[in-house]
Ligand SMILES: Nc1ncnc2c1ncn2[C@@H]1O[C@H](COP(=O)(O)OP(=O)(O)OP(=O)(O)O)[C@@H](O)[C@H]1O
């Protein structure tokens, strides 16, 4: 019998490295009338092990079941979550066991409320701070905090007056260090609250004017306990909201932001999944967030993932819970009753791909796949790190860093809705605004209607790109550039680098176009319908169907070119496809 979504049930914490728990927020006043019942409910729990939850779409009766470590319903308080899930890991940091607690979920699902709370109902962050401080009282232990955000794979110190960017560098042991990150001692809750609330405001001030960036960054509050030497640390993270770009219609810089968010969340899930499966290779290095958290995720560290749900959003909840369940490496299953309602039953995708490859006699692909799924698999030669790290150099690295600044400036220039007080724009951005020739930059709105069409056109069957009219050529080329809006800023900035040559400038442009093409190709695979997919070279009916099934599992299964191995495309095939697409544009 299904228990009400509001009952508090949770399994006692286990010794697994990462616990994955569900948190359903109450309906907001604006949602109360539109949804009679929450889309998620607790089906059963087994003390000491796990819970089973049901997600049900009120409109279609479609339903899915998942197993997780604990369930917190609409009436459960944050302090209940704290007592059951967080207080135990706090004890560990005094014994040198690092911990990470993070809230994951779609925008508006209650992550910030859970982590930050309100004045009347403090969230997990203030509760953790007060517990740590209380445990230090009367001991030699001292407490320090740091607070930073990861935005577009770059880190900003929120305890510094100007949300200073901090560099993430490997130390001699291969561990990531945030160079220059402030660690501020706190002795009381008053001191903590003062620092924390300033940091929270800074997070908003730093990026709100640049279009909702506060919900587009991962914010990490760390508490570090030391006696003579550092004992341990807990990271409390309010992750950026996951996004489905088919629904948000993101484009331009927002699409890039969203891609980075989804990519880093996907990597985080892969890391957790690999940890829970005890794999030898943990893909920490595939995102900034997981690199930074490497010493707090895995090894002897403990972590708790709190998957937050909006009770009124079925599909969004399915996306969140399926990723959470995948992180826990406990596959979801569909009840026989709902199998009839739900034609697309979840299956083991790896087994399915294997069977499909076998049926096609693709033994080489199966061997490749074996390598891919092996725990000691090495990176594919065509992995994203290769794509994003131009062979040369210093100039290219710098140009990549500038790329993002350029994006922000452009947003300010072209979005009439955005009014950023000049004192809130970092000085280097103001400098760029003055120097950036507005006229030559393409407007996002001009490109808006062309965006999808040009994307489809650029990636349409190779044959249709072969003899475009002159107009088509210019449309394609323009849109390739429009879709990579930073390029004009990029090249103008390259010019200012002492010693930069014309060749550096050209290389920077080429590298950006290549990245843009790759990104568009991946985006296309993430959004195109079956017919459109089939028109792509190398993707027939079966592969198109398989792609759609992968998208059922995860809203954006293709984050990097390496993900294309999952559909049985070799790196050589991918290179050929992209090369032909690019040459089609310039014919
Ligand atoms: N347990 C709760 N009780 C009451 N209101 C809640 C609760 N959880 C969330 N809310 C409300 O729901 C709304 C969305 O919550 P919140 O801002 O925390 O979402 P979020 O996931 O952090 O979104 P974003 O990704 O955009 O930052 C807010 O108005 C918040 O006050």
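Glycine too: its Cβ is placed from the backbone N, Cα and C atoms.
The ATP binding site annotation in TrEMBL covers 105, 106, 107, 108, 109, 110, 111, 112. Of all Cβ atoms in the shown protein chains, 15 besides its own fall within 10 Å of the Cβ of residue 107 (ATP binding site).
Annotation comment: TrEMBL describes 17-330 as domain 'Kinesin motor'.
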- Under a three-state reduction of DSSP output, how is residue 107 (ATP binding site) classified: helix, strand, or coil? coil
- Just checking: which of the binding-site residues 106, 108, 109 have a C-beta under 6 Å from ligand 1? 108, 109
- Counting other CB atoms within 10 Å of each candidate's CB, the least crowded of the binding-site residues 109, 112 is 112
- With an 8 Å cut-off on Cβ-Cβ distance and a minimum sequence separation of at least 6, pull the same-chain contacts of residue 105 (ATP binding site), or say none. 111, 239, 241, 242, 307, 308, 309, 310, 320
